[in-house]
Amino acid sequence: MTARATRLSDLGLTARAGRDPALSGLTADSRAVRAGMLFAALPGTATHGAHFIGTALEQGATAILTDAEGLRMAADLLADTDTAIVVAEDPRAALACAAALWFGSQPETMVAVTGTNGKTSVATFTRQIWSALGHAAINIGTTGIEGAWSAPSSHTTPDAITLQKLLAAAAEGGITHAAMEASSHGLDQRRLDGVRLKVAGFTNLTQDHLDYHGTMAAYLAAKARLFTRLLPEDGIAVVNLDGAKGSDMAELALARGLRVLTVGKGQGADLQIAATRPDATGQEVRYLWQGRAFQTRLALIGAFQAENVAVAAGLAIAAGDAPEAVLATLPRLTGVRGRMQLAATRRNGAAVYVDYAHTPDAVETALRALRPHVMGRIIIVFGAGGDRDRSKRPLMGEAARKHADVLYVTDDNPRTEDPAAIRAAVMAACPEANEVGDRAEAILRAVDALLPGDALLIAGKGHESGQIIGTDVYPFDDVEQASVAVAALDGVI
Ligand SMILES: CC(=O)N[C@H]1[C@@H](OP(=O)(O)OP(=O)(O)OC[C@H]2O[C@@H](n3ccc(=O)[nH]c3=O)[C@H](O)[C@@H]2O)O[C@H](CO)[C@@H](O)[C@@H]1O[C@H](C)C(=O)N[C@@H](C)C(=O)N[C@H](CCC(=O)O)C(=O)O
Ligand SMILES: Nc1ncnc2c1ncn2[C@@H]1O[C@H](COP(=O)(O)OP(=O)(O)OP(=O)(O)O)[C@@H](O)[C@H]1O
Ligand SMILES: N[C@H](CCC[C@H](N)C(=O)O)C(=O)O
Ligand SMILES: [Mg+2]
């Protein structure tokens, strides 16, 4: 890929003492610095990048971008050097905008969706709608880059440089439409600053990630940045009014003078979910677009999916496609891997679903979504991730206790924590649950417990293909384990 801008000033950066060197690249990781590059020494969660300015200079960095703190930390090193020094109040935002200019192009129609739950689903549905309408489209998020081209991704929202590089490659490869997930970490760390958004969507805000944000108010503020800062003045906000904090988000957008397209069950919504009727494999939904009825069938289980589809349709409409055309594509939508996915069925008819619920609200939502489809008991296998929000663990246990009939508490991704301590925190709210640390064994035992009419929900890991124990990743796939368990118990291969 050819860079279009090569000088600091071309990237909107002003160095001290009028220095304006030509650059060979940008990085925020000292280990990736090569001769002629700009090294962004950023304040992080574990350390400050300024600790690595010495290494960056040794490796030939031509420019350093940092904040006042970084400048103070590296004052001695930077005192008499030819290196161009840029000090920015918000160096992450400056780097993101510089990266956008460095890589140049982005798909013409860019939309982003935020919220605690539903981002991957909405971004994927939006891409599916666009593809059905003939656009060259991708979605970017937790499940990687999917659609007209695909690639893996390690983050839900890639860091700014990776993101801008990928957007430019997509645009140069002919992609015209991209729907991306805006995680709260991504918004807080300015990973999306520099993305030229037409539309932004909001699903809901409930508890997660308090390990990072500290308070719900700070978590909300991070999400709100998408509407209060990143969406341009002529952008459109698409808001699910039924999602927790939906009306707050709509108000913030309106207060900024943005156009807001609302979705929800209430009569005032632009795209109203007027009625839903669940059946064995999906649901009939009656949507009203500005009062006009569209009857449709979704091959998706769960009332929450009708909401996610409404947000996705809202994004596509706000981004410029005709409402009738958008709504006509909905019967063709297919579920996202690991989201309420029917993984296996026992010979006695009992179904096993795999779902990515890893927050208290998602556990409740997923279990409630299953209820109309289940005559017998709902059994759940779940746990909570290590090195993540600890306070959500008992709340997940409580949601499972309230909405499932039989509980198996097992390990999710323990990461560097003691798995038994995580299970104990979950079980504080559901002491009667069965505790089976080994996830494969928990799945086997839960599948074994299924009677005719029952259903099993394996929650928390969805599409994930590995289990993180310590810092190692072991192959593990809930869908595969469900099939293996059913085959072992029912004697089929
Ligand atoms: C908490 C968090 O989000 N951390 C991310 C962040 O790290 P950081 O900037 O805080 O890093 P740090 O270790 O404090 O280092 C500070 C700076 O020094 C630099 N450094 C560090 C060491 C060195 O030798 N040289 C060097 O230059 C680092 O590159 C960094 O710029 O920036 C890094 C580079 O982009 C990310 O890899 C890292 O993601 C970590 C691994 C992570 O697990 N993030 C998760 C929580 C995350 O972002 N999740 C969300 C999804 C959440 C959801 O489900 O909603 C996501 O979008 O994926
Ligand atoms: N609109 C919704 N409201 C409540 N829960 C939902 C909603 N949509 C999805 N969920 C639940 O959240 C889980 C994760 O869905 P999805 O992957 O779409 O969310 P996400 O926001 O992308 O999650 P992540 O933060 O991990 O990226 C689903 O498996 C389901 O249990
Ligand atoms: N993006 C989410 C994924 C959580 C998935 C769950 N399996 C876990 O490991 O906690 C997070 O970083 O919180
Ligand atoms: Mg996601």
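Using N, Cα and C of the backbone, Cβ positions are placed for all residues, glycine too.
In TrEMBL, annotation is done automatically, which means it is predicted and not curated.
In TrEMBL, the meso-2,6-diaminopimelate site is described by Asp412, Asn413, Pro414, Arg415, Gly460, Glu464, and among Arg388, Arg390, Arg401, Arg445 the residue recorded at this site is Arg388. Most other Cβ atoms within 10 A: among the binding-site residues Lys119, Arg388, Arg415, that distinction falls to Lys119. Taking a Cβ cut-off of under 6 Å from any atom of ligand 4, none of the recorded positions Lys223, Asp412, Asn413, Gly460 qualifies. Counted within 10 Å of its Cβ, the other Cβ atoms near Thr120 (ATP binding site) come to 24, all protein chains included. Residues Asn117, Lys119, Ser121, taken from the binding-site residues Asn117, Lys119, Ser121, Asp412, Pro414, are distinguished by a CB atom under 6 angstroms from ligand 2. A Cα-Cα distance of 14 Å separates Lys223 (N6-carboxylysine) from Gly118 (ATP binding site).
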